[in-house]
Amino acid sequence: MASARVPQQLFLQGVAAVYLFAFASLYTQIPGLYGPEGILPARRTLRPQGKGRWQQLWETPTILWEAPRLGLDTAQGLDLLTLLGTVLALGALLLNSLRHPFIYLLLWAAYLSACQVGQVFLYFQWDSLLLETGFLAILVAPLRRPSKHKIPQGGLAGALPHEDLPFWLVRWLLFRLMFASGVVKLTSRCPAWWGLTALTYHYETQCLPTPAAWFAHHLPVWLHRLSVVATFLIEIAVPPLFFAPIRRLRLSAFYAQALLQILIIITGNYNFFNLLTLVLTTALLDDRHLSAEPELRCHKKMPTSWPKTLLTSLSLMLELTVYGLLAYGTIYYFGLEVDWQQQIVLSKTTFTFHQFSQWLKMVTLPTVWLGTASLAWELLIALWRWIQVQGWSRKFFAGIQLSVLGTATVFLFLISLVPYSYVEPGTHGRLWTGAHRLFSSVEHLQLANSYGLFRRMTGLGGRPEVVLEGSHDGHHWTEIEFMYKPGNVSRPPPFLIPHQPRLDWQMWFAALGPHTHSPWFTSLVLRLLQGKEPVIRLIQNQVANYPFREQPPTYLRAQRYKYWFSKPGDQSRWWHRQWVEEFFPSVSLGDPTLETLLQQFGLKDKSPPRARSSKNALAQTLNWVRAQLSPLEPSILLWGLLGAVVAIRVVRTLLTPRPLQSSKQTREEKRKQAPKKDSRAVSEQTAPNSNSNGSWAPRRKK
């Protein structure tokens with residue numbers, strides 16, 4: 001079993017980077033989303049119910065309960081929380097010493113606290129995925145940094161007994177995420193996925209496309225269909241290879257997953273989600289694949305025994321068999337054939353929903369047993385490593401660590417089986433009842449979650465889009481354009497990764513149904529009629545670009561349009577659109593319709609917020625930081641943070657002297673392997689040069 005210390009460090013750095021983006025992105029939107037004048041004020045979610053302090057904290061686990069003790073309201077507490085999270089994540093990304101379980105515990109607790117008051121704007125699957133991944137990072141992070149003088153070795157020699165157990169959970173999480181995301185596309189009975197036409201709609205109907213999506217949308221239809229087949233292959237057939245005993249199969253699975261995520265990043269603005277998925281794929285790598293040391297990257301050509309040669313041959317045969325089965329299954333189940341006359345690849349789904357359901361019933365429980373067997377193997381390896389530990393004190397402390405982390409690993413695996421089994425109801429019902437009880441007891445902590453992205457393809461008849469309009473007289477209407485979501489047909493789609501404009505995302509969901517399905521939209525209308533600047537900055541960060549910057553609109557309404565990508569021949573236009581219907585009626589402040597909706601959705605404040613002391617130094621500091629950062633467009637702020645991290649790491653690499661240990665060791669090995677000469681020649685070659693200040697080099701033979 002190859003060592004995985006380098007992938008573990010990559011994982012920890014990747015989690016820190018995603019936390020950095022998530023906290024910084026959320027920080028820029030707090031006043032407009034959760035402030036006292038925001039769309040959904042956070043203070044409404046934290047109202048004491050007369051319960052004890054610890055019971056209240058357990059039922060709604062958020063540090064923001066303590067904000068009043070600091071003289072802060074809930075929104076200011078959220079400001080402080082996200083700023084501290086950003087700083088801690090930045091530190092963990094740059095400093096090895098801060099990649100400690102305690103730091104990752106603070107990051108996880110801070111993001112969980114934010115999600116408790118985030119309401120609908122923090123109900124995305126990637127928020128749950130970050131919480132689950134972040135908790136695993138607490139277990140993966142080492143309590144003590146390994147000595148720099150010890151070179152990690154492969155096999156059992158260079159690893160601590162417990163260190164690979166939590167990292168195995170990362171691989172299991174990646175499997176659950178990808179397998180479920182592939183399966184739900186077919187269990188949903190979505191005609192676009194079953195007809196292999198989903199990608200002919202996806203690029204223009206996704207929430208926030210990138211400019212590259214326009215070009216991808218105009219690729220040939222047969223290539224779109226083939227891409228859907230490849231998606232099913234990568235998401236359903238490849239994930240079991242994550243647990244393959246053959247190393248090259250795991251590496252092939254890694255590159256397949258990485259390719260899919262990179263293509264999604266290029267064509268869609270999915271914030272930090274795909275970056276986080278790429279971080280999870282590090283669990284498929286090992287030191288030998290990533291190390292710069294030649295002796296770790298490749299095997300030396302040395303004579304091998306016949307049993308080892310036989311084992312290598314059998315592994316190669318098994319590997320080729322797996323590739324052959326994947327190719328045959330893809331061709332058979334999706335009817336792949338080449339039309340040489342048209343020079344295209346034809347594809348179609350050759351199985352029925354009933355057949356797929358039967359197959360899913362047949363394989364879901366075996367995948368659970370596959371995970372169980374893989375975990376059992378990891379536990380046996382950990383136990384064997386513990387047996388090899390020398391010294392009773394080291395063995396004692398290693399045993400404690402192994403017991404704690406082994407128990408935590410088994411516990412997290414057990415509770416994860418419950419949400420994983422949602423993909424197949426029959427398997428869910430056959431799970432051990434103890435697993436259900438354990439999961440129910442900690443479900444609110446989001447330690448294990450169910451996943452299933454892009455279950456159904458929306459916008460098959462055109463992309464629905466809500467367009468807000470304002471007026472001063474009720475006759476002449478002006479469109480209110482958002483920074484990111486489609487509006488102006490001549491404006492190209494933006495590239496925002498890793499920022500997530502949460503209001504723009506919810507506007508996309510709102511367009512899929514009536515406005516009553518999105519109660520927050522009524523609050524948005526109210527805040528715009530009131531002219532609240534924090535909400536205006538969610539729409540246009542530069543208030544000068546907002547059409548009603550001088551005076552709030554007297555009337556507001558919303559229209560629903562259908563948008564399509566423009567044709568390649570259209571000049572200076574990225575979209576064309578068609579009006580569909582009125583989405584939200586024309587209202588003004590005090591309008592009975594607006595008042596009724598606010599009352600119906602519980603969006604009217606029963607009492608004004610209590611004013612906090614203006615002399616609070618912490619609150620004044622938070623307000624000052626907000627004033628300095630608010631003029632920056634959020635995606636530029638995040639790119640600036642990323643650029644700063646890259647610059648610091650490059651400078652640090654250039655200024656750090658390269659260690660001589662590895663080069664000296666290599667020379668020593670070569671010297672030992674050199675053919676023996678007479679003693680005089682050997683002494684002449686190895687004698688140190690007295691003028692070299694302690695360093696030496698072999699003399700050249702004349």
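Going from the start of the chain as shown, residues are counted 1 onward.
Glycine residues also receive a Cβ, built from the backbone N, Cα and C atoms like all the rest.
The feature compositional bias 'Basic and acidic residues' is assigned by Swiss-Prot to 665-681.
Sequence annotations record features per position, and here Swiss-Prot assigns compositional bias 'Polar residues' to 682-695.
Same-chain residues at least 6 positions away in sequence with a Cβ under 8 Å from that of ASN488 (N-linked glycosylation site) are, in sequence order, GLU481. As annotated by Swiss-Prot, N-linked glycosylation site applies to ASN488.
For 660-702, the entry in Swiss-Prot reads region 'Disordered'.
Positions annotated as transmembrane segment by Swiss-Prot: 10-30 (among others).
Positions annotated as transmembrane segment by Swiss-Prot: 75-95 (among others). Within its own chain, the transmembrane segment (75-95) has Cβ neighbours under 8 Å at 12-13, 16-17, 19-20, 22-24, 26-27, 30-31, 34-36, 38, 41-43, 63-64, 66-67, 103-104, 106-107, 110-111, 113-114, 117, 612, 618-619, 622, 625-626, 641, 645, 648-649, counting only residues six or more beyond its boundaries.
Within its own chain, the transmembrane segment (102-122) has Cβ neighbours under 8 Å at 12, 15-16, 19, 22-23, 26, 29, 33-34, 40, 42, 45-46, 60-64, 74, 78, 81-82, 84-85, 88-89, 91-92, 130-131, 134-135, 137-138, 141, 445-446, 502-503, 506, 520, counting only residues six or more beyond its boundaries. Taken from Swiss-Prot, the feature transmembrane segment covers 102-122 (among others).
As annotated by Swiss-Prot, transmembrane segment applies to 123-143 (among others). Tertiary neighbourhood of the transmembrane segment (123-143): same-chain residues 8, 11-12, 15, 18-19, 22, 99-101, 103-105, 107-108, 111-112, 115, 160, 163, 165-167, 169-170, 173, 177, 270-273, 276, 279-280, 401, 405, 408-409, 412, 446-449, 451-453, 500, 505, selected by CB-CB distance under 8 Å and a gap of 6+ residues from either end.
Summarising the annotation, Swiss-Prot assigns transmembrane segment to 164-184 (among others).
The transmembrane segment annotation in Swiss-Prot covers 226-246 (among others).
Here Swiss-Prot flags 259-279 (among others) as transmembrane segment.
Counting only same-chain residues 6+ beyond the ends of the transmembrane segment (316-336), those with a CB under 8 A from a CB of the stretch are 196, 226, 229, 232-233, 237-238, 241, 244, 246, 248-249, 252, 345-351. The transmembrane segment annotation in Swiss-Prot covers 316-336 (among others), and the record cites sequence analysis as its basis.
Residues or ranges marked as transmembrane segment in Swiss-Prot (evidence: sequence analysis): 363-383 (among others). For the transmembrane segment (363-383), the list of distant contacts is 1, 156, 161-162, 164-165, 168, 172, 175, 179, 240, 243, 402, 406, 409-410, 413, 417, 420-421, 423-424, 426-427, 430: same-chain residues at least six beyond its ends, Cβ to Cβ under 8 Å.
Sequence-distant neighbours of the transmembrane segment (396-416) (same chain, 6+ residues past either end, Cβ-Cβ under 8 Å): 135-136, 139, 143, 160-162, 165-166, 168-169, 172-173, 176, 371-372, 375, 379, 382-383, 386, 389, 432, 434-435, 438-439, 442, 447-448. Residues or ranges marked as transmembrane segment by Swiss-Prot: 396-416 (among others).
Residues or ranges marked as transmembrane segment by Swiss-Prot: 628-648 (among others).
Take the transmembrane segment (226-246) and the stretches 164-184, 259-279, 628-648: counting Cβ pairs under 8 Å, 164-184 has the most. With a threshold of 8 Å between CB atoms, the same-chain residues lying at least 6 positions outside the transmembrane segment (259-279) that come near it are 10-11, 14-15, 17-18, 21-22, 25, 125-126, 129-130, 133, 174, 177, 203, 206-210, 212-213, 216, 231, 234-235, 484, 493-500.
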